[in-house]
Amino acid sequence: MSNRFAVILAAGKGTRMKSKLYKVLHPVCGKPMVQHVVDQVSQLGLQKLVTVVGHGAEMVQEQLGNVSEFALQAEQLGTAHAVDQAAGVLANEEGTTLVICGDTPLITAETMEALLQQHKEAGAMATVLTAYIEEPAGYGRIVRNENGHVEKIVEHKDANEKELAIKEINTGTYCFDNKALFASLSKVSNDNVQGEYYLPDVIEILKNEGHIVSAYQTEHFDETLGVNDRVALSQAEIIMKNRINRKNMVNGVTIIDPSNTYISADAIIGSDTVLHPGTIIEGNTVIGSDCEIGPHTVIRDSEIGDRTTIRQSTVHDSKLGTEVSVGPFAHIRPDSVIGDEVRVGNFVEIKKTVFGNRSKASHLSYIGDAQIGEDVNLGCGSITVNYDGKNKFKTVIGNGVFIGCNSNLVAPVTVEDGAYVAAGSTITENVPSKALSVARARQVNKEDYVDQLLNKKKS
């Protein structure tokens, strides 16, 4: 196999997005568009990948890291000019170069591989990725010769009646013989209304020199969608969402209502897990097998163990063990580690806490900056008082501890193994192992007080 290279065009301003965010960094199913493209082209066995950047170059470089080399297009003078900025990296290389736009997040490695194979089999100097659509208005038409090769690409505004009837269109993705590509770029003129250098002109140059220009027609037009505004962004989101949901269902995940379930592109979900409507799974979340998630649950960048149930709750940047029950209406905030067989009930908030196996906080509790042992019961209304207005402090609760309802644990404080805290207590000092701590005012009953009070009011 000859050397393979790729150039991703990611320098456009994205004016129609009307956004401060660089166009190719707009997310589709939680991942920036250009990252989708890079992840797919990286599966093609490339020797070099060059991303052409312009406005917001630093942000794109930060997103992609060392996966790609970069070339700067300081002034946007057209697609041919953009590719030419990669000459410093690629011009002297022998092989085949794929050119693709960074705003086509739906393209797949399979389609690009088929394009490259067609290019090789045809012995072509250039090959165009095309698609067939019933309503091709606005697209450049592919005119083929008697051998099935590309005779020319005609823009919609320049097409005659016969050419307008053609329904095979140019998608804007190409592959070229690398040396022929960079030799031809120097011949491209900007003699047009926009005064720009257009990459399709390379096709005409190669054709006029007698080279074969081939085409590969994909059956999946939606893969070629270029995102230039928020409308197209929403279309890409829907297509990608459906693709991800279908993949998960084929792999054994039950999605009750796919139209009302969102799964990020990088999430991994085990078989026999059930996702109820309103479930949103974001980032690099990993969910085990036999789980039940939702309805109306958000999980972001978290790891969920097997046979765990999460209902009407939010989990962010945390790790949950096996057979955990969360919700309804619980909030597990970042840097929390929840053990196995734990119960986190309704209206419980946990933040930056290690929660031991088989422990439970069944309702109406806040546990922050804490270390909770195993087999602990936190009664209704248990609160770790972790913040003094300036600093955060840690609460440590040992194994087998019982915290009664409506108790405040004022950190820094430790409740040792096996201790009990009486309901209604405010604990400000450490509690020894197996001790009962009572920190509340003694109850006083005043006999006949109400009658005396009412009689006094009447007099």
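Glycine is no exception: its Cβ is also placed from the backbone N, Cα and C atoms.
For His363, the entry in Swiss-Prot reads active site, proton acceptor. Among the features that Swiss-Prot reports, UDP-N-acetyl-alpha-D-glucosamine binding site is placed at 9-12, Lys23, Gln73, 78-79, Gly140, Glu155, Asn170, Asn228, Arg333, Lys351, Tyr366, Asn377, with the record citing sequence analysis. Among the features that Swiss-Prot reports, Mg(2+) binding site is placed at Asp103, Asn228. Here Swiss-Prot flags Asn386, Tyr387, Ala423, Arg440 as acetyl-CoA binding site, drawing on sequence analysis. Swiss-Prot lists 1-230 with the feature region 'Pyrophosphorylase', giving sequence analysis as the kind of evidence. What Swiss-Prot records for 231-251 is region 'Linker'. Residues or ranges marked as region 'N-acetyltransferase' by Swiss-Prot on the basis of sequence analysis: 252-459.
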Least buried by Cβ count (within 10 Å) of the binding-site residues Tyr366, Tyr387: Tyr387
- prompt: Looking only at the region 'Linker' (231-251), what are its DSSP counts of helix, strand and coil residues?
  reply: 20 helix, 0 strand, 1 coil
- prompt: If you measure every Cα to Cα pair among Asn386, Tyr387, Ala423, Arg440, the residues listed for acetyl-CoA, what is the largest value in Å?
  reply: 22
- prompt: In sequence order, what residues of the same chain, 6+ apart, have a Cβ less than 8 Å from the Cβ of Ala423 (acetyl-CoA binding site)?
  reply: Gly379, Gly404, Cys405, Asn406, Ser407
Message: For the C-alpha pair, I'd like the distance in angstrom between His363 (active site, proton acceptor) and Arg440 (acetyl-CoA binding site), rounded off.
response: 22
- line: Within 10 A of the CB of Asp103 (Mg(2+) binding site), the number of other CB atoms across every chain shown is 27
Task: State which of the following binding-site residues has the fewest other Cβ atoms within 10 Å around its Cβ: Gly78, Gly140.
output: Gly78
- line: The mean pLDDT across the region 'Pyrophosphorylase' (1-230) is 94
Query: Given Arg440 (acetyl-CoA binding site) and Gly78 (UDP-N-acetyl-alpha-D-glucosamine binding site), what distance in Å do their CA atoms have, once rounded to a whole number?
result: 76
- request: Show which residues of the chain containing Ala11 (UDP-N-acetyl-alpha-D-glucosamine binding site), separated from it by at least 6 in sequence, have their CB under 8 Å from its CB.
  value: Val52, Val53, Gly54, His55, Leu72, Gln73, Gln76, Ala82, Gln85
Cα separation, Asn170 (UDP-N-acetyl-alpha-D-glucosamine binding site) to Asn228 (Mg(2+) binding site) (Å, whole number): 17
- prompt: Tell me which residues of the chain lie with their Cβ under 8 angstroms from that of Asn170 (UDP-N-acetyl-alpha-D-glucosamine binding site), as long as they are six or more apart in sequence?
  reply: Val128, Thr130, Tyr139, Gly140, Arg141, Ile142, Ile153, Pro200
